[in-house]
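A short worksheet on the structure shown next.
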Amino acid sequence: MAKEEGTSVEPRQRKKQRTSGSQEAKAEKIRRTPAPERAPKYVSFQRFAKIVIGCLAAVISGMMHVFYLSAYHERKFWFSNRQELEREITFQGDSAIYYSYYKDMLKAPSFERGVYELTHNNKTISLKTINAMQQMSLYPELIASVLYQATGSNEVIEPVYFYIGIVFGLQGMYVTALFVTSWLMSGTWLAGMLTVAWFLINRVDTTRIEYSIPLRENWALPYFACQVAALTGYLKRNLNTYAERFCYLLLSTSTYTFMMVWEYSHYVLFLQAVSLLLLDIFSVEQSDKVYEVYKVYIFSLFLGYLLQFENPALLVSPLLSLVGAFMLVKCLQLNGKKGTFVAKVIKVFEFYLLCTLPVTLNLIVKMFVPHKENEHVLKFLEVKFGLNMTKNFTLNWLLCQESLQAPSQDFFFRLTQSSLLPFYVLVLIICLLSMTQVFFRRMSGKSKKETVTLEDGRIGERPEIIYHVIHTLLLGSLAMLMEGLKFIWTPYVCMLAAFGVCSPELWMTLLKWLRLRTVHPMLLALILSMAVPTIIGLSLWKEFFPRLITELTELQEFYDPDTVELMTWIKRQAPVAAVFAGSPQLMGVIKLCTGWTVTSLPLYSDDDLLQRNENIYQIYSKRSAEDIYKILTSYKANYLIVEDAICNELGTTRGCRVKDLLDIANGHVVFEEGDKLTYSKYGRFCHEVKINYSPYVNYFTRVYWNRSYFVYKVNTVISFQS
């Protein structure tokens, strides 16, 4: 029996020895085989080639976007075949105001004189001197005018093409920055190309450049995209010193520039600062970097405060309060042995301070700093979230604006049709679950690995991923309330979704949860990170590329003959010193096309201008001719322009027409239960004044009309007929 056992065991032992012997032989052979000398150089060359190809792809993507915008703009407006007046009419509303100041700077006899006229402007709005540089953030127009004259471009290109070219160039930089951000997060420039594809396909929801070129956001968001790209690189682990310094420098310059070109930039940066604060709480090892970024915020705020002529809105901004509270907590930070009960109590106390100190600091600052700039924003938010009810015309008019309403179902349908929304939700869920898993691992006291490899499958441990997930959730939550914010959120949806489907680490995280046995998870993750974006790209190419080509080949026409005729009449017939009154949007076009003084402008950061707008809009209410005359003469208006589109507005949403909002504000309709109806014995002014009977003809004389506009001269001498 023993012998049998011996014979049965012996073959197994020999087999084991043979196997171990062969492994040792292979290992010895590998050790003795000299490593090829060119391997490190080859790896360096491969990495260098990858970076060069990725950078070229990023730049080419940006340039292609610029060429596409230029071609589409030409096809839509026939810009090269238009006269100067017809070109300028394409700048509607507040966009017209910005471009008009660019023209004024080019006409100024000197740079100093031009800046002085901007900062002490009394030729735009009657009876009012404004600092246009501060109120409208006109640094882009100032710099564009300087570049146009300094480079000698006036001999080569028309001013309007130079201006549009700069904005289109910034849009190319915008796309390039999104490309780089997605590349940095995923490690492959394939993600950048998918980001650009989704951005272009969903451009109705990613940018407003096609509708209004001079908008502040079209100047500002490209710098914000550069700032986010720099921040993404700065937050990455194992970054060498030179790369970290470069990212920090780019972060500083882009943050400051972003703050200077858009008056609402500090609100966007506040959301980013909250995201970084949560990152600091979630990922302790990034605390020093978060502190450095906060230093950039505070430097940009104070430098912006000085260069924006001591703009009080920056001092009372929530961003400054949050940054100040964070730095104060860091100075008072107590040390406790990690993991002890005392350390946990200290952490809870610090979190409490970070929640309460910003509010306290903001209230203290507002006690000493006059801050009319933010009052209308707070009132609007109160009404928006149902905390208050109001009959105020301005607030209700703002609430009726499409950009300040909740997104429509069409928005979600478009994102789903391009496959963007489903993949974004998938990536977001995986990242959130991984972050939750990592959080509970740390709460349970498990040690964190210094370097996370692909095989670990922990996408939620990377600080830049944590930041982006938190940031996109905050932006997305607000975009669900106000559609205008989708133009900030949707580009980052494109970037995050593209990063996810192209990231082997994200697929590895998912596969480790599924615990597949048939295929090696790492191999499958690498295959999926290349196959899935390729399939998405091919499907997008097949479905949407023909549409993009059709848009470029399809001839469109934008022509507004009535507005052209009105502007021509004003330039030929109206006195140079005349003052015009009408809707703020039309006044912006008049200021640009004619240069004449107006009574109001489409600006919503000045309480006096908001009140002016409401008063001038009374021409569409049920007020007497005498009331309207008193309002117009109080602003020294010489001419009144009634727009038929507003007077006879049908509107899809009842209660949001200008005349409805005026009736609510004036008490001529029932707004809510308990209201007393105030009967108006007068008809709607814009209708009655067209009939030409007394007393309207005593106060106003019609001097011009066409299908869309009726121009009335405000009589200086009133003769009443008996």
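Cβ coordinates come from backbone N, Cα and C, glycine included.
In Swiss-Prot this protein carries:
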REGION    1-34  region 'Disordered'
MOD_RES   ALA2  N-acetylalanine
COMPBIAS  25-34  compositional bias 'Basic and acidic residues'
TRANSMEM  51-71  transmembrane segment
TRANSMEM  160-177  transmembrane segment
TRANSMEM  183-201  transmembrane segment
TRANSMEM  246-262  transmembrane segment
TRANSMEM  268-284  transmembrane segment
TRANSMEM  291-307  transmembrane segment
TRANSMEM  313-331  transmembrane segment
TRANSMEM  351-369  transmembrane segment
TRANSMEM  420-440  transmembrane segment
TRANSMEM  465-485  transmembrane segment
TRANSMEM  487-507  transmembrane segment
TRANSMEM  521-541  transmembrane segment
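Packing against the transmembrane segment (246-262) from elsewhere in the chain are residues 137, 139-140, 216-217, 219-220, 223-224, 226-227, 229-231, 233-234, 239, 268-269, 292-293, 296-297, 299-301, 303-304, 307-308, 314: each is 6 or more residues past its ends and has a CB under 8 Å from a CB in it. Of the Cβ pairs linking the transmembrane segment (313-331) with the transmembrane segment (160-177) and spaced 6 or more residues apart, fewer than 3 are under 8 Å, so the two regions do not touch. The stretches the transmembrane segment (521-541) and the transmembrane segment (183-201) meet in space: the count of Cβ pairs below 8 angstroms, excluding pairs fewer than 6 apart in sequence, reaches at least three. Contact between the transmembrane segment (183-201) and the transmembrane segment (487-507) is supported: at least 3 Cβ pairs lie under 8 Å, counting only residues 6 or more apart in sequence. By the Cβ criterion (distance under 8 Å, sequence gap of 6 or more), the transmembrane segment (268-284) is not counted as touching the transmembrane segment (51-71), fewer than 3 such pairs being found. If you look at the transmembrane segment (160-177), the same-chain residues 6 or more away from its ends with a CB under 8 A from one of its CBs are 58-59, 61-63, 65-66, 69-70, 73, 84, 87-88, 99, 102, 144, 147-148, 153, 196, 199, 207, 209, 213-214, 218-219, 221-222, 225-226, 228-229, 491.
With a cut-off of 8 Å between Cβ atoms, the residues of this chain six or more beyond the transmembrane segment (465-485) that come close are 185, 231-232, 235, 271-272, 274-276, 278-279, 282-283, 384, 402-408, 411, 428, 431-432, 435, 459, 492-493, 496. Within the chain, the transmembrane segment (420-440) has long-range Cβ neighbours (under 8 A, six or more residues past its boundaries) at 198, 201-202, 282, 412, 458-461, 465-466, 469, 472-473, 493-494, 496-497, 499-501, 506, 509-510, 513, 536.
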